């Protein structure tokens, strides 16, 4: 290595003398002189690279503000649910993933408005169109109007932290799911059990109302049948 370096320096000095250059390198200063000569180029190159990167970011931001291009989606970033959602056990996250895949009818990794509508209907808590949109907007970090798995997990994080309004659709979803997201030991388990009992009571009342409507329709049909029979009997008396 030392021999090659020395040969290179001697070759450079001979070349400079042949060209009539007067800048003779002094022993011991060769490295410093070379560094000084190359430093401006490297600095300019670094500054140019930084300027290009900044310009690209500013142009992208301007495009996004004008509605051109797509913003980088947090939900599409590769993430590890077990490290990002440490408040949940592996079993809890597996249960959430199973539920998410169950209602991801399109198998595209998202739950869209219609799939969320079907989910809430199957859970026994149908929502209005505006209600469904509001549910998505509450955790829709990338504003794509659908739920990624990460955003789906955010629902249960907010539920466990008590950050959801009790009358909100997301609170109902978390409450009616079969996933226990309690993180407060016995107290959390007690609250979860009470919430499940309340959900069962709501479901029972809903079933009772349906049964009452069915009984009312049967009663009305029977009355119509009896009136028709009485009318026919009355007709027969005049024959």
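Placement of Cβ uses the backbone N, Cα and C atoms for every residue, glycine included.
According to Swiss-Prot, the phosphoserine annotation covers 11, 73, 75. The feature compositional bias 'Low complexity' is assigned by Swiss-Prot to 32-46. Marked as phosphotyrosine by Swiss-Prot: 82. Sequence annotations record features per position, and here Swiss-Prot assigns domain 'EF-hand 1' to 91-126 based on sequence analysis. According to Swiss-Prot, the Ca(2+) 1 binding site annotation covers 104, 108, 115, on the basis of a curator's inference. What Swiss-Prot records for 127-162 is domain 'EF-hand 2'. The feature Ca(2+) 2 binding site is assigned by Swiss-Prot to 140, 142, 144, 146, 151. Positions annotated as N6-acetyllysine by Swiss-Prot: 232.
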_Among the binding-site residues 108, 115, 142, which residue has the fewest other Cβ atoms within 10 Å of its own Cβ?_
108
_Measuring Cα to Cα, how many Å separate residue 151 (Ca(2+) 2 binding site) from residue 232 (N6-acetyllysine)?_
65
*asked:* Of the recorded positions 11, 82, 144, 232, which one has its Cα closest to the Cα of residue 104 (Ca(2+) 1 binding site)?
replied: 144
*Give me the Cα-Cα distance between the residue listed as 'N6-acetyllysine' and residue 144 (Ca(2+) 2 binding site), rounded to a whole Å.*
65
_Alpha-carbon spacing, residue 115 (Ca(2+) 1 binding site) to residue 140 (Ca(2+) 2 binding site), which is rounded to whole Å_ = 15
_Structural state census, the domain 'EF-hand 2' (127-162) (DSSP three-state)_ = 23 helix, 2 strand, 11 coil
*Rounded Cα-Cα span from residue 108 (Ca(2+) 1 binding site) to residue 144 (Ca(2+) 2 binding site), Å*: 14
*Hey, how far is residue 108 (Ca(2+) 1 binding site) from residue 140 (Ca(2+) 2 binding site), Cα to Cα, in Å?*
17
*May I have the list of same-chain residues other than 104, 108, 115 whose Cβ is within 8 Å of the Cβ centroid of the recorded Ca(2+) 1 site, in sequence order?*
103, 105, 106, 107, 109, 110, 111, 112, 146
_Rounded to the nearest Å - Cα separation of residue 142 (Ca(2+) 2 binding site) and residue 82 (phosphotyrosine)_ = 21
*For the domain 'EF-hand 1' (91-126), what does DSSP give as the number of helix, strand and coil residues?*
23 helix, 2 strand, 11 coil
*Going along the chain, which residues six or more apart from residue 146 (Ca(2+) 2 binding site) have their CB under 8 A from its CB?*
110, 111, 112, 113, 136, 140
